[in-house]
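Have a look at the structure below, then the notes.
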């Protein structure tokens, strides 16, 4: 046990693993790398700001304290933390990497993985809740709060477990031949396990939305034609963006498992694939909230306040179109949870 702890705190272990898995260990900060790091950090800052605005909108207005909006808030929180974790990951990469101890390296990689995993599990939780509500024609009343909290807690718990497995012992310290090329301190079986789990999640989300599609299209679904078309459009966007953003990362991890050490040079560019996957955290709030006119108005409210505080209001203070009017109370979510509200649509022009 003492030997394990000494390896976790050894300042030379990370360099040893990188020397073994990398064909050319060049950590020089070239201009191209600096530009790439700057772009990634800008992307992550946009993720943080975007999801922070969504969280503020959900928290400050009681109209959005229903089950589905809270799920969206949980998704925004996980995406926000993913942006923060990826900023830290980028700042601690390059030449800084070789100065880390294994514990610090596991914390760097694990934190980013936990938050990105939580974002994906949040998507699955939303898909499960929508499927149950639509297929069984149930409402999101207060009696469903337990199910909602369980789904949210489960998504974070599973993410913490998956991200914490390497630091708990499922790593390749002392077994260089079993190390991943993309993540040199992670064991290849762990990488395969992660890819398998996320592939199952992707399949589950696809299956759930196909089921929702079938229910909406059936005669049993009490949904109007325009609403059906809107739902199908949203489902297409959700599935398309999810697959588009995550499939390259899944593919590179599968290749990492299959390739012997130093046999696949493309693995040395894996950080670009993971940066691309982070786009999902940027697009999730757009997909799930921008189609809601009320939520969009509430999200933009802080931006309007900042613009007014900067003195841009001028003569517009007396113009009704530029006043920060309160949201209308026409949504059934605001009037009460016992109204017969579709779990997918809120009052026709507001969609979740």
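Just so it is clear, glycine is given a Cβ too, placed from its N, Cα and C backbone atoms.
Around the Cβ of residue 179 (disulfide bond), the number of neighbouring Cβ atoms within 10 Å comes to 22. As annotated by TrEMBL, disulfide bond applies to 172-179 (among others).
TrEMBL lists 259-264 (among others) with the feature disulfide bond. Within the same chain, residues at least 6 positions away in sequence whose Cβ sits under 8 Å from that of residue 259 (disulfide bond) are 181, 267.
The feature domain 'G-protein coupled receptors family 1 profile' is assigned by TrEMBL to 50-288.
Feature annotation from TrEMBL assigns region 'Disordered' to 332-352.
Here the transmembrane segment (35-58) has Cβ contacts under 8 Å with residues 64-65, 69-70, 72-73, 76-77, 79-80, 82-84, 86-87, 90-91, 93-94, 272, 275, 278-279, 281-282, 285-286, 289, 295, 298-299, 301-303 of the same chain, all six or more residues outside its ends. Marked as transmembrane segment by TrEMBL: 35-58 (among others).
The transmembrane segment annotation in TrEMBL covers 70-92 (among others).
The annotation transmembrane segment is assigned in TrEMBL to 112-128 (among others).
TrEMBL lists 149-169 (among others) with the feature transmembrane segment. Nonlocal intrachain contacts for the transmembrane segment (149-169), taken as residues 6+ away from its ends with a CB within less than 8 angstroms of a stretch CB, comprise 4, 70-71, 74, 78, 103, 106-107, 109-111, 113-115, 117-118, 121-122, 124-125, 128-129, 185-187, 190, 194, 197.
Feature annotation from TrEMBL assigns transmembrane segment to 189-210 (among others).
The transmembrane segment feature in TrEMBL is assigned to 231-254 (among others).
What TrEMBL records for 266-287 (among others) is transmembrane segment. Residues 22-23, 36, 40, 43-44, 46-47, 50-51, 54, 72, 75-76, 78-79, 82-83, 86, 93, 116, 119-120, 123, 181-182, 234, 237-238, 241-242, 245-246, 248-249, 251-252, 255-256, 259 of the same chain sit 6 or more residues outside the transmembrane segment (266-287) yet have a Cβ under 8 Å from a Cβ within it.
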Within 10 Å, the Cβ with the most other Cβ atoms among the disulfide-bonded residues 172, 264 is that of 172
Sorry to bug you, but what's the C-alpha spacing from residue 264 (disulfide bond) to residue 179 (disulfide bond), rounded to the closest Å?
14
Per the Cβ filter (under 8 Å) with a sequence gap of at least 6 from its ends, the transmembrane segment (112-128) is approached by 68, 71-72, 74-75, 78-79, 81-82, 84-86, 88-89, 151-152, 154-156, 158-160, 162-164, 194, 198, 201, 204-205, 208-209, 238, 242, 246, 277-278, 280-281, 284, 288
Calculate the per-residue pLDDT averaged over the domain 'G-protein coupled receptors family 1 profile' (50-288) and state the result as an integer.
82
Please report the distance from the Cα of residue 172 (disulfide bond) to the Cα of residue 264 (disulfide bond), rounded to the nearest angstrom.
20
